[in-house]
Amino acid sequence: MELADIRREYTKGGLRRKDLKADPIDQFNLWLEQAVQAGMTDPTAMTVATVDENGMPFQRIVLLKSVDKDGFVFYTNLGSRKAQQLGHNSNISLHFPWHPLERQVHITGVAEKLTPMENMKYFTSRPKESQLAAIASKQSSRISARGVLEGKFLELKQKFAKGEIPMPTFWGGFRVKPQSIEFWQGGEHRLHDRFLFSNQEGEWDIDRLAP
């Protein structure tokens, strides 16, 4: 198999400046809604990139849980590698690959922790099994076998068979305050359309970038 021979044309249509919303959050919500309507698998899945203390980058797929004018929100174990890295360096990058629509969105910004009240509101809305899993898994730690994790889950399931499950102190969310948001639309002959929104003291500048 020759990887260099794997290619296709992008035919979904171009993106013009006049098509864009003035606010990139509004534009993002429009594209996200269209991704959902297109029946895409996991349209809220995004790559979250962070760096460790030595500048080594790490990436993982995380689900976006909310977005508004204040930023993009996701939740995680606060002892996880990404949370620890954000504690040392709050700079972060998000990437949404909406391949069926021939679109990408790339976001850079700064991550800040959510308030305990915000964490509690979302935690209590989760399915019971998801709440238990958040307690059972010490994310990114080494375990001897999957059975250890499953055993802990069953133990907690029996313990909290009745009543509410307490939110663990080591679980919570981050809000990514965007500094830049780039919208990418595939184009014919590799002449893709790219528009970069840059936050300048609360106002958004828009630039077209070469593909």
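Every residue gets a Cβ built from N, Cα and C, even glycine.
Under the DSSP three-state reduction, H192 (substrate binding site) is assigned to coil, being neither helix nor strand. Taken from Swiss-Prot, the feature substrate binding site applies to R7, R8, E9, Y10, K65, Y122, R126, S130, R190, L191, H192.
Per Swiss-Prot, FMN binding site is recorded for 60-65, 75-76, 81-82, Q104, 139-140, W184, R194, and the stated evidence type is sequence analysis. In the structure as shown, the Cβ atom of V62 (FMN binding site) sits within 10 Å of 17 other Cβ atoms.
Spatial neighbours are here defined as Cα atoms within 10 angstroms of one another, and by that definition the neighbours of Y75 (FMN binding site) among the binding-site residues E9, K65, R126, R190, H192 are K65. Nearest to R7 (substrate binding site) in space, judged by Cα atoms and limited to the binding-site residues V62, R81, Q104, is Q104. Looking only at Cα atoms, L64 (FMN binding site) sits nearest to H192 among the binding-site residues E9, R190, H192.
Comparing Q104 (FMN binding site) with R190 (substrate binding site), their Cα atoms are 14 Å apart once rounded.
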